[in-house]
Amino acid sequence: MKTFTSALALVVGMLAPGAVVAAPPSTPAQRDLVELREARQEGGKDLRPREPTCNTPSNRACWSDGFDINTDYEVSTPDTGVTQSYVFNLTEVDNWMGPDGVVKEKVMLINGNIMGPNIVANWGDTVEVTVINNLVTNGTSIHWHGIHQKDTNLHDGANGVTECPIPPKGGQRTYRWRARQYGTSWYHSHFSAQYGNGVVGTIQINGPASLPYDIDLGVFPITDYYYRAADDLVHFTQNNAPPFSDNVLINGTAVNPNTGEGQYANVTLTPGKRHRLRILNTSTENHFQVSLVNHTMTVIAADMVPVNAMTVDSLFLAVGQRYDVVIDASRAPDNYWFNVTFGGQAACGGSLNPHPAAIFHYAGAPGGLPTDEGTPPVDHQCLDTLDVRPVVPRSVPVNSFVKRPDNTLPVALDLTGTPLFVWKVNGSDINVDWGKPIIDYILTGNTSYPVSDNIVQVDAVDQWTYWLIENDPEGPFSLPHPMHLHGHDFLVLGRSPDVPAASQQRFVFDPAVDLARLNGDNPPRRDTTMLPAGGWLLLAFRTDNPGAWLFHCHIAWHVSGGLSVDFLERPADLRQRISQEDEDDFNRVCDEWRAYWPTNPYPKIDSGLKRRRWVEESEWLVR
């Protein structure tokens, strides 16, 4: 272990907001969870009813004939024969009035909303989404975060990897994938920080659960919110510390801490009932700690993995993570603050709104603002819990793990060039070619992959592969990173010792000491987890899904700066699994993109996974 003098202030840029709880302006404005959900549903078809089921409030473990909470969903999926169809129309709006009363110069919306439709399906359904890109100059692609895309790699939505961007001014394509998993997730543009401008939405796949509940409240997304355009922010963060978010939207709404304009998200609880709430962090940079005053939450799913029930007082959500929780409305009928706080001394983000909050209202109680502000939750130090245990177990041996160059992915920050902040993994920063994605190489049999695509080829078939990710022990400073894998869930086998995120202590994996820290006996399994600041993380995934799968930091500015690799899993098998229909559609979109790109007025100036327009440095004032 090494301890470095902290240079973290260069990145944080300001004092961290304390782990404070709600002390909001006195306004009673509220917006109900159901109202917000119904507003976002416009543009999608209603969920088709399914056959009568054994899934009832007293027995959520059962689902349908032959399928329940113990079914291995990676092996068996209900055959519903149902397709849930949606149409997404992407548009740009200038001088848009935001939910907290501040006009934004430009936003990019799906079907006219700051969040797109909530995609709802049942376990086993097929989801079909036609995306029409009516943006002015930006291409787009839609990634279905956490969806494994078994045998549908070309529908993963990672431009420059699995497809060319959908060109603007009317370009379109249709994504199709099977809901082989169930739980809560989200979708977003992978053409950028573009999702920070509004090209984002939620996914709810109904299925069994590990704990009974009476009422499903649906999705509850939380996101950082900036008054400046996200693409401009990415340009700014190439050479400057990222600014704190201007506000935090909870289920699409917020109160402005300076003016009192806007509304609190309101969730109505039925006294005596158990409520399922699907909490998501759909941010570009902010990580959150959440808690409900005078209530506990019982976790039943982490990302899209059902877990054995685990009761907590608070939760940490990294960017991209989701938790399904059950809340028992057994307290005195009243109004309670749902608090969003920040930890780690701003090492994983902060907001200029010091008290983001929502209101949980017991039906029948008087209206108004809660009076009990609660107490600060424990500081999670920018680390997600390792205590969750999946219902469907996976176990692997760990005592024989050997660190080698071919299974180690070092993460380093390069401050030697222009732009100032360049993030490298395995010695290289990713920089994809929108007009020649990796799939193009697969289809043509060309194995001369560019170094800039940062490919890690994995040829093993149906084997557990182990990956050690290490933050640079010699770098000027070290930050935590929310690492997300496409195409798989991974096992979280272990990480370096839990220390304060801002301490700048450094740890390198030492088998003599750290093998004892590993857990291969049904460890946490998910698609996003935290690489500790100054530390290491050991993951494993099984090579059972041929494809080109990104593995990247989900902080928009970091992946824009190169922090990603592309696992090319079993390329020969991948070629055989690409249908003629998918190949034809891939070529059509690429032909349209290649015809458009020479006319685009803005140059490509980043990794390609986070696209933004060029702005002059003089447009920016550092806070």
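Here the Cβ of each residue, glycine as well, is placed from N, Cα and C on the backbone.
Annotation comment: Swiss-Prot describes H143, H484 as Cu cation 1 binding site, evidence class experimental evidence. Sequence annotations record features per position, and here Swiss-Prot assigns Cu cation 2 binding site to H145, H188, H554 based on experimental evidence. Positions annotated as Cu cation 3 binding site by Swiss-Prot, on the basis of experimental evidence: H190, H486, H552. Taken from Swiss-Prot, the feature Cu cation 4 binding site covers H481, C553, H558, and the record attributes it to experimental evidence. What Swiss-Prot lists as disulfide bond is C54-C62, C164-C590, C348-C382, and the listing cites experimental evidence. Positions annotated as N-linked glycosylation site by Swiss-Prot, on the basis of experimental evidence: N89, N138, N251, N266, N294, N339, N426, N446. Annotation comment: Swiss-Prot describes 1-22 as signal peptide, evidence class sequence analysis.
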**Request:** Could you name the residues, excluding H145, H188, H554, of the same chain that surround the Cu cation 2 site, i.e. Cβ within 8 Å of the Cβ centre of those residues, in sequence order?
**Result:** H143, W186, Y187, H190, Y195, T282, V319, G320, H484
**Asked** Just counting, how many other CB atoms are there within 10 A of the CB of H145 (Cu cation 2 binding site)?
**Response** 27
**Message:** Give me the CA-CA distance between C54 (disulfide bond) and H145 (Cu cation 2 binding site), in Å, as a whole number.
**Reply:** 29
**Complete:** Keeping only the recorded positions of H143, C164, N251, C348, C382, C553 whose C-alpha lies within 10 A of that of H188 (Cu cation 2 binding site) yields H143
**Item:** Lowest local Cβ density (other Cβ within 10 Å) among disulfide-bonded residues: C54, C164, C382
**Value:** C54
**Message:** Checking the contact step here: among the recorded positions N251, H552, C553, C590, which have a Cα within 10 Å of the Cα of N266 (N-linked glycosylation site)?
**Reply:** N251
**Cα-to-Cα gap, H558 (Cu cation 4 binding site) vs C164 (disulfide bond), nearest whole Å** = 22
**Message:** Going by Cα-Cα distance, which of the recorded positions (C164, H190, N339, N446, H552) sits nearest to N251 (N-linked glycosylation site)?
**Reply:** N339
**Prompt:** Per 10 Å Cβ neighbour count, which of the recorded positions C62, C553, C590 ranks highest?
**Reply:** C553
**Complete:** One of the recorded positions N89, C164, N294, H552 has its Cα closest to the Cα of C348 (disulfide bond), namely H552
**Asked** Near H481 (Cu cation 4 binding site), which recorded positions out of N89, C382, H552, H554 have their CA within 10 Å?
**Response** C382, H552, H554
